[in-house]
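Colleague: Below: one structure in structure tokens.
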Amino acid sequence: MSLDIVVPVILTVISAATPLLLAGIGELVAERAGVLNLGIEGMMLVGAVAAFAVAHVTGNYMLAILVAAMAGALLALIFGVLTLTLVSNQVATGLALTLFGIGLSALAGAGFVGSPIAPLPKLEIPGLSELPFIGPILFHQDVLVYLSVALTLGVIWFLKRTRAGMILRACGDSDVSAHSIGYDVIRIRYLAVLFGGVTSGLAGAYLSLAYTPMWVENMTAGRGWIALGLVVFSSWRPLRLLGGAYLFGGVTILQLYVQGMGGIGVPAQVLSMLPYIATIVVLTIISAGPWRGRLDAPACLGKPFRPAT
Amino acid sequence: MSLHLRRRSFVLGSAATGLGLAAGVRPVFSADAPLKVGFVYVGPATDNGWSYRHDVARKEVEAAFPGKVTTSFVENVPEGPDAERVIRQLASSGHGLIFTTSFGFMNPTLKVAKAFPKVKFEHATGYQTTPNVAVYNARFYEGRTVIGTIAGMMSKSGTIGYLGSFPIPEVVMGINAFTLAAQKINPNIKTKVVWVNSWHDPGKEADAAKTLIDQGCDILSQHTDSAAPLQVAEQRGVHGFGQAADQSAFAPKGQLTAIVDNWGPYYIERVKAVLDGTWKTHNIWHGLKEGMVSIAPYGPDVPEDVKAAAEKVKADIAAGTRHPFEGPIKDQKGQVRIPEGKHATDEELLKMDWYVEGVQA
């Protein structure tokens, strides 16, 4: 592969990985706090339709992104009320949230099908954007791509280096202990779930503004579920999530590329499985290697918490 | 008057009661009441593609028989057992004619039709008929011969990208018809096929389109549903063709033309037959000649000579003087599949599982 082919391939990989990373990082934080939210797909779709509607009507992309984040958070709030305040089953509620999001976004977006918008503008950094090779890759992306990486780094710092991050992890690992030393587990979990809603909304906005600037029903096409899988793959570590999202995006694009080159004598269906196989293989290696024992899920993941009164 | 049954909302709203469809549909007992015509769609009526084109035809039916016909539709019906309940519900609520518009509705349609011998059924793209189930399909490959001609004349790189959904005969015959037509103009044309393994995944379709353009394709053709590949083509300054509906809104310059499904005239004819009492079962496969397949207006980048050539191909196919699969046709291994002087039969087309020379799939 010559250099002028490598650059566009990497750009395609970045656009494939960004929505997975955005949706995944929020879910990771929610799960670290002990809440399993299976509604990512629904929150993404609602974010996508909200972003598209605002961008289409006002032409203001920053506002569109903001509204998408709020729309995602609103859905997450519903989830929070149901699972945290009313202590309903997280798995069932999350699935219902996905169904609800699919239906709601289809209803809200019916009037926008078939009307295109201009893609989310890329940020030009004078001098740097024109650099060969690294210019287009590092310094000529849209704001959501930068945000996805910045959020990941922020979450690493937050979980590892801050007191608040430690408290959040405590809620996920032992809700009873966190509660007994005086932390408001429910409030912390609410915040974590809302953060998940915000980033899922952003992931949806990336789909409908940048990836494919259009609105069509169900345009996430299962990316919410892949993001969910990547959180497990990452063993709840943000840096591994970043790697996982780019690995998955990379292998997806690579298999399309190999098909276009005439294939390697392998049926297209097998090539389509590659991203999934690659993820499983890496997961197996991680869990079998010297890092064993570090795959543990947050101990209280998915378990309802009812503070003793 | 139309009745819009939003399947998703009743799944959510009445999950406990199973099928909430009956809420809006009442049986008709009076003989001179309007004929109720039902439509079952596999996707959303607003998908801007396959189901959308059926819905456009439904509206044409309403407009053609004011006061005599009412229509209702159920969208987003998954192919499988769920479809049977939806079709049964339509049949038992007084619909006299029901169009089931996806291949996977075949068995449910046949099953329900057996239980409702007085109701007429029309099943799209299937192959099994009974006294009250007719089947109809469109020769989309004829449209692909027209766009293949345009691609052959306009491609500078000689490499054309083709986004496939699944390698089924319908898609395979499209790829072959397209490539043969392009090669008739330029024998060195190569068609690169990338399988997306989905009918509808805008993101992945866009990725596949980018990949094909990066590999030197200057024209894209697609057998997937979204306008995403055209949007990519527009951004990258190359060209493509719309699928099922005119998608020029997404690529004002990028779309050269589109193959447009045009079900309206057929639906009107069949509704009229039911009203007149002359409806009979049949198995038809209509194309450019009957107008079931049509070609959208040409984009601004299509030169006059290319337009003229495309129109000629269209006219020749409609007149029967040209067949999209005229022998000799060799497959990828160089083996002659259709001998000189013959053309592929309908049966051969419906079973097609091989690619012509020059296809890289």
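The backbone N, Cα and C atoms fix where each Cβ goes, and this holds for glycine too.
From TrEMBL, here are the annotated features:
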type     : residues  : note
TRANSMEM : A:6-23    : transmembrane segment
TRANSMEM : A:35-55   : transmembrane segment
TRANSMEM : A:61-87   : transmembrane segment
TRANSMEM : A:94-118  : transmembrane segment
TRANSMEM : A:138-159 : transmembrane segment
TRANSMEM : A:190-209 : transmembrane segment
TRANSMEM : A:241-258 : transmembrane segment
TRANSMEM : A:264-286 : transmembrane segment
Colleague: Report, as numbers and ranges, every residue of the chain located at least six residues beyond the transmembrane segment (A:94-118) whose Cβ falls under 8 Å of a Cβ in that stretch; write 'none' if there are none.
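Modeller: Same-chain contacts beyond the flanks: 36-46, 48-50, 52-53, 55-56, 75, 78-79, 209, 213-218, 224.
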Colleague: Under a Cβ pair cut-off of under 8 Å, which of the recorded stretches A:61-87, A:138-159, A:190-209, A:241-258, A:264-286 contacts the transmembrane segment (A:6-23) most often?
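Modeller: Against the transmembrane segment (A:6-23), the leading stretch is A:241-258.
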Colleague: Quick test of the contact rule: Cβ under 8 Å, at least six residues beyond the ends. What residues does that give for the transmembrane segment (A:190-209)?
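Modeller: Apart from its flanks, the transmembrane segment (A:190-209) reaches 18-20, 22-23, 25-27, 29-30, 32-33, 35, 37, 40, 43-52, 55, 61, 64-65, 68-77, 79-80, 83-84, 117, 119-120, 144-145, 147-148, 151, 168, 171, 215, 219-220, 223-224, 227.
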Colleague: Within the same chain, where does the transmembrane segment (A:241-258) have neighbours whose Cβ lies under 8 angstroms from its own Cβ atoms, ignoring anything closer than 6 residues to its ends? I mean 6 or more beyond.
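Modeller: Same-chain contacts beyond the ends: 9, 12-14, 16-18, 20-21, 24-25, 28, 149, 152, 226-227, 230-231, 233-234, 264, 271-272, 274-275, 278-279, 282.
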